[in-house]
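Below is one structure, written out as structure tokens; the observations come after it.
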Amino acid sequence: MSIPTMQWAQVAEKVGGPLVYKQIPVPKPGPDQILVKIRYSGVCHTDLHAMMGHWPIPVKMPLVGGHEGAGIVVAKGELVHEFEIGDQAGIKWLNGSCGECEFCRQSDDPLCARAQLSGYTVDGTFQQYALGKASHASKIPAGVPLDAAAPVLCAGITVYKGLKEAGVRPGQTVAIVGAGGGLGSLAQQYAKAMGIRVVAVDGGDEKRAMCESLGTETYVDFTKSKDLVADVKAATPDGLGAHAVILLAVSEKPFQQATEYVRSRGTIVAIGLPPDAYLKAPVINTVVRMITIKGSYVGNRQDGVEALDFFARGLIKAPFKTAPLKDLPKIYELMEQGRIAGRYVLEMPE
């Protein structure tokens with residue numbers, strides 16, 4: 001398989017951008033790595049945070065962002081046995097980990113202190129060819145469309161893990177805050193596939209239409225609701241509130257409201273990462289109602305296998321729009337304005 005020496009990529013040359021669409025060298029895989037010809041890459045809010053330096057974690061610069069890359073294996077290191085040339089593969093947020101620490105040994109490899117993060121500490125998938133450690137790359141079954149699979153590699157795995165962390169059971173209700181975004185659209189479907197009832201919380205008629213098309217039972221529009229807490233509680237069958245709340249919002253206020261409409265003994269799972277935000281909860285209310293508040297990061301390798309299996313069986317469809325790689329700056333603008341329903345997937349130039 002012929003591999004060029006140069007490729008097109010979107011590169012942030014300094015924190016805060018701007019992005020530069022230019023040619024850069026094609027990397028060569030190390031002994032335990034695969035080189036993937038990226039066909040499609042999803043665009044996540046994390047990619048924008050990385051470029052802007054919003055988080056207190058040092059970010060590589062210059063940086064090729066992206067961590068939802070789906071494509072074909074075109075080269076591999078001599079130690080790689082998991083993949084063959086021509087296999088479909090996905091490169092995720094967790095590009096690699098040490099494999100030796102306590103967290104890696106107990107399958108909490110996302111918590112590894114030496115984890116390598118695609119599009120953050122190592123170059124990611126907004127380029128035609130990207131590297132990934134073979135043990136952390138995902139196998140995408142043959143016949144599964146790569147454009148539709150791309151958002152599952154981060155958004156899908158992340159919300160699937162969050163639902164598992166919430167401990168919510170079939171027949172119970174989950175409130176998904178930020179339901180109309182890329183993560184939320186997938187969270188609704190995973191919840192439904194797991195037999196969980198959904199109250200979708202977001203703003204705007206376009207997001208309402210999308211959520212209703214995904215089968216949500218109730219949509220609460222925070223831009224129109226006079227009493228969001230009452231509306232979420234009223235949407236649950238017994239009026240006692242949601243058994244779990246999945247927080248995917250990118251602003252702070254929803255993180256402060258969640259304890260008001262989660263039911264007693266309920267669980268609040270924080271996944272969204274608004275910059276400089278804090279979680280605050282009244283202590284007495286949290287204690288006497290036995291509310292659990294926890295964070296959920298990305299899934300481990302097994303979570304990735306399970307999340308992709310839901311997709312391969314046709315239980316999950318990622319609502320997405322396709323755009324060329326050169327349009328990434330426009331997509332970031334829409335993202336900053338909160339005007340994206342579902343997910344954007346970038347198509348790489350041939």
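Glycine residues also receive a Cβ, built from the backbone N, Cα and C atoms like all the rest.
The structure displayed is predicted, hence computed values, not measured ones.
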Candidates Cys154, Cys211, the one Swiss-Prot lists with Cys44, Thr46, His67 as binding Zn(2+) 1: Cys154
Cys101 (Zn(2+) 2 binding site): tally of other CB atoms within 10 A of its CB: 16
Residues flanking the Zn(2+) 2 site, with Cβ no more than 8 Å from the Cβ centroid of Cys98, Cys101, Cys104, Cys112 and excluding those residues themselves: Ser97, Gly99, Glu100, Glu102, Phe103, Arg105, Asp109, Ala113, Arg114, Ala115
Among Thr46, His67, Cys98, Cys112, which are recorded as binding-site residues, the nearest neighbour of Leu273 (NAD(+) binding site) by Cα: Thr46
Output field, Zn(2+) 1 shell: CB within 8 Å of site CB centroid, site Cys44, Thr46, His67, Cys154 dropped: Gly42, His45, Asp47, Gly66, Glu68, Trp93, Ser118, Gly119, Ala155
Number of other Cβ atoms within 10 Å of the Cβ of Ala179 (NAD(+) binding site) across all protein chains: 28
Binding-site residues listed as Cys98, Cys104, Cys154, least Cβ neighbours within 10 Å: Cys98
Distance from Ile271 (NAD(+) binding site) back to Cys154 (Zn(2+) 1 binding site), taken between C-alpha atoms, in Å: 12
